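TrEMBL lists 1-72 with the feature domain 'Cytochrome b5 heme-binding'. If you look up TrEMBL, you'll see HIS29, HIS55 marked as heme binding site. If you look up TrEMBL, you'll see 170-190, 215-235, 272-294, 300-320 marked as transmembrane segment. Under the heading Zn(2+) binding site, TrEMBL lists HIS236, HIS241, HIS259, HIS262, HIS263, HIS317, HIS321, HIS338, HIS341, HIS342.
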Amino acid sequence: EVRARCAQGACLVRCRRRLYDLSGFVRLHPGGEQLLRRRAGTDVSAALDGPPHRHSANARRWLEQYYVGEMEPGEEQVPPAAPGWFSFSFQSHSEPVDKKAVDAAAQTPTQMDPRCKTVDVEKDLVDWQKPLLWQVGYLGEKYDEWVHQPVDRPIRLFHSDILERLSKTAWYVVFVVWAPVVLYLSWVSYTSLAQGNTRLFSSFTTEYSIPVHKYYFPFIFLLGMFLWSLLEYLIHRFVFHMKPPASNYYLITLHFLLHGQHHKSPFDSSRLVFPPVPASLVIGFFYGILRLLLPEVLGLSVFVGGLCGYVIYDMMHYYLHYGSPKKGTYLYGLKAYHVKHHFEHQKSGFGISTRFWDHPFRTLIPEETFEKED
């Protein structure tokens, strides 16, 4: 039956005698879709421990969400169809199952890795049938551990349907809204610089001020993108990953709204990019700072480069969660790096569009090493 389902395109794997249906997860797997497809119908117990990758406790807990039944040896042994295939029958949730027997089997080391803990949404610390935003503040000391145990289910934040819709954004909306702004402001910046009236340090001295020609615009634009990459790192590390005091209901709620909900449900496609309305407020704030620090046209040129960097960041962030990059490419390594940040290394790996700033700030996720066994 497992062979037949896999032949139809399903991706079922087993961990000892527990059967899992990963059909809905294959494209999201950081190791690539083909890696899971090749292991369809086989026992992945050894693969969970690596090499090349040792799966974290969160990854093992994540796997339990796709549990479909308990394997039982077939009464008649049939020759396997291909290497790695096994002949067995299984009890699925659609058939009558002795729940006590399954629960007891789940606690047996031979049936389930003791590092795994079954996800039971009915007994979770929050009520998933109600908006979560107003519940998480009551978790107190349990919030930090709870929010960093990811689940594969959508999150509702608000009671109001209008606010709920505004909190969700399709990935292409960011490009549709901000790409025309980048193009228009780039044209304004270039044509303004072409007039030859922009000079650096002119507010302090006219004798030693430096003229800024239109040919400098590409370099100023790239400087803005570079500064955005630093800002991306700093916001992600010190704002999104602040640890709110366990006694402060409001800071916990704010953290969950800003970033905690993304770590709790990392594959919720409607919450992977920043909604344009709150984004415009943050973008306007940074534009105001640049206007204070730099001449108007020069500040605008740096700003538009940073805005372009933001658009690229949001597109890349969505792709790192929902894309399936080719093995060996830059994005393939970046996807694996970012997934490690979500599932195991929440206190490091803060670079998203680049790992560059993780090096000087010493927050680089360490490479895994495997000692040879005797």
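Positions of Cβ are set from backbone N, Cα and C atoms, glycine also.
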Measuring CA to CA, name the entry from the binding-site residues HIS236, HIS259, HIS263, HIS321, HIS341 that ends up nearest HIS55 (heme binding site). HIS341
Go through HIS236, HIS259, HIS341, our binding-site residues, and report the one whose Cβ sees the most other Cβ atoms within 10 Å. HIS341
Considering only the binding-site residues HIS236, HIS259, HIS321, which residue has the minimal Cα-Cα separation from HIS29 (heme binding site)? HIS321
Please give the sequence-distant neighbours of the transmembrane segment (170-190): residues at least 6 beyond its ends with Cβ less than 8 Å from one of its Cβ atoms. 214, 217, 220-221, 269-270, 272-274, 276, 279, 297, 300-301, 303-304, 307-308, 310-311, 314-315, 318, 322
Same-chain residues at least 6 positions away from HIS263 (Zn(2+) binding site) with a Cβ under 8 Å from its Cβ, in sequence order, are VAL147, HIS148, PRO150, HIS342, GLN346
Would you mind listing the long-range same-chain contacts of the transmembrane segment (272-294), meaning Cβ under 8 Å and 6+ residues beyond its ends? 166-171, 173-174, 177-178, 231, 262, 300, 302-303, 306-307, 310, 314-315, 317-318, 321-322
Would you mind splitting the domain 'Cytochrome b5 heme-binding' (1-72) into helix, strand and coil residue counts from DSSP? 30 helix, 15 strand, 27 coil
Other CB atoms, at most 10 A from the CB of HIS321 (Zn(2+) binding site): 20
